[in-house]
Amino acid sequence: MKSVLFVCLGNICRSPAAEALFRERCPHIRTDSAGTSDFHVGEPPYAPMATAAGARGIDMSDLRARQFTTSDFRNFDLIVVMDKENRRNVESLRPAGNTTPVELFAPFAAEGTADEVPDPYYSRDFDGCLDLLESAAIGLQRKIS
Ligand code: 4NP
């Protein structure tokens, strides 16, 4: 596995946090993130999420939101989505014949019970989100390295 793309809706909360956590753990893997929407293209991570991540020593300050595109299927070995709606939206853009795996992130977590990473933009539980993302990042690291 050489490259992983994390995907959420806005690319300002969950997927950039997943990217920032994962690249710390796996610097040898090319890591990026994207949103299925264009709502926040060009924006830095959402400040409350960046603050919560910073408190754990995770720097997200270089990240900027971009929208997922069909060429991402060619450019990454694995696409990891935060929820089933992201998965539907990503799958709707899959080029004919492409076989890049698209997997939910939460089931990689040690607890292993959640299907989805709840959106902290709505729940406001940034720390709970980071706990789940960290556990899932460890699980993904174990699986692919
Ligand atoms: P994310 O959270 O998908 O984890 O980046 C969201 C951020 C913004 C919006 C939705 C979700 N929004 O609708 O603006």
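Glycine is treated like the rest: Cβ placed from N, Cα and C.
Those TrEMBL annotations? Automatic predictions, nothing curated.
In TrEMBL this protein carries:
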- CYS8: active site, nucleophile (ACT_SITE)
- ARG14: active site (ACT_SITE)
- ASP119: active site, proton donor (ACT_SITE)
- 2-143: domain 'Phosphotyrosine protein phosphatase I' (DOMAIN)
C-alpha spacing of ARG14 (active site) relative to the residue listed as 'active site, proton donor', in angstrom: 7
Model confidence over the domain 'Phosphotyrosine protein phosphatase I' (2-143), averaged pLDDT: 97
For the residue listed as 'active site', nearby residues of its own chain (Cβ under 8 Å, 6 or more apart in sequence): PHE6, CYS8, MET82, VAL117, ASP119, PRO120, CYS129, LEU133
Densest Cβ neighbourhood among CYS8, ASP119 (active-site residues), 10 Å radius: CYS8
Helix, strand and coil residues within the domain 'Phosphotyrosine protein phosphatase I' (2-143) as assigned by DSSP: 57 helix, 20 strand, 65 coil
